[in-house]
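Peer 1: Before I ask anything, let me first share the structure, which is written out below as structure tokens.
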Amino acid sequence: MVRESIPKEGENIKIQSYKHDGKIHRVWSETTILKGTDHVVIGGNDHTLVTESDGRTWITREPAIVYFHSEYWFNVICMFREDGIYYYCNLSSPFVCDEEALKYIDYDLDIKVYPNGKYHLLDEDEYEQHMNQMNYPHDIDIILRRNVDILQQWIEQKKGPFAPDFIKVWKDRYKKIRQY
């Protein structure tokens, strides 16, 4: 059943990541919604329980702001560490929401961005392996490659979640909501 409305500010939701074959990949138990629109969901979490597909669990180490967009095939996790802000970008389907969680399909490719602005494309071998195993359609491959380019442009241009004011605004908003 589809959620009738977008997640509301202050609401706590789960985030569920799937693989192309429909199997659950990873679940974040709780993320606080900072902004929810038809196109963008921004959330915050800290020391959140994460459950892997094999049942293993772990807890995130630092506060993070998460960014999802309904028109782009990626999502971004901004992690606040002692030595600066790190970004972990997942190439994924656009998000959908229902009563259970915010959901997306993880397509293996990732970009890690360091505090100095340098970045690396990760997991290309895993992507090739899963593309063959799960029969990713050629159209999906084209879309994902195009979104890698878009994401790299955003990183280089400090656009969207990579903009310095984005970090300040949403980190402050998360702190404020957590105080209530």
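Residue numbers in this text run from 1 along the chain shown.
A Cβ is built for glycine as well, from the same backbone N, Cα and C atoms used for every other residue.
The shown structure was predicted, so the numbers you read here are calculated from the model rather than taken from an experiment.
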Peer 1: What does Swiss-Prot list, out of N90, N132, as binding the same Mg(2+) 1 as D106, D110?
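Peer 2: Record check against Swiss-Prot: Mg(2+) 1 site with D106, D110, extra candidate from N90, N132 is N90.
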Peer 1: For the binding-site residues listed here (D106, E126), tell me which residue's CB has the most neighbouring CB atoms inside 10 Å.
Peer 2: D106
Peer 1: So how many other Cβ atoms are close to N90 (Mg(2+) 1 binding site), meaning within 10 Å of its Cβ?
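Peer 2: Excluding its own Cβ, N90 (Mg(2+) 1 binding site) sees 23 Cβ atoms within 10 Å.
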Peer 1: Please name which of the recorded positions listed here, R26, D108, D123, is nearest in space to N90 (Mg(2+) 1 binding site), Cα against Cα.
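Peer 2: In terms of Cα distance, N90 (Mg(2+) 1 binding site) lies closest to D108.
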Peer 1: Check E126 (Mg(2+) 2 binding site) against DSSP and tell me helix, strand or coil, would you?
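Peer 2: DSSP assigns E126 (Mg(2+) 2 binding site) to helix.
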Peer 1: Take the C-alpha atoms of R26 (active site, proton donor) and E126 (Mg(2+) 2 binding site) and report the distance between them in angstrom, rounded.
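Peer 2: Cα-Cα distance, R26 (active site, proton donor) to E126 (Mg(2+) 2 binding site): 16 Å.
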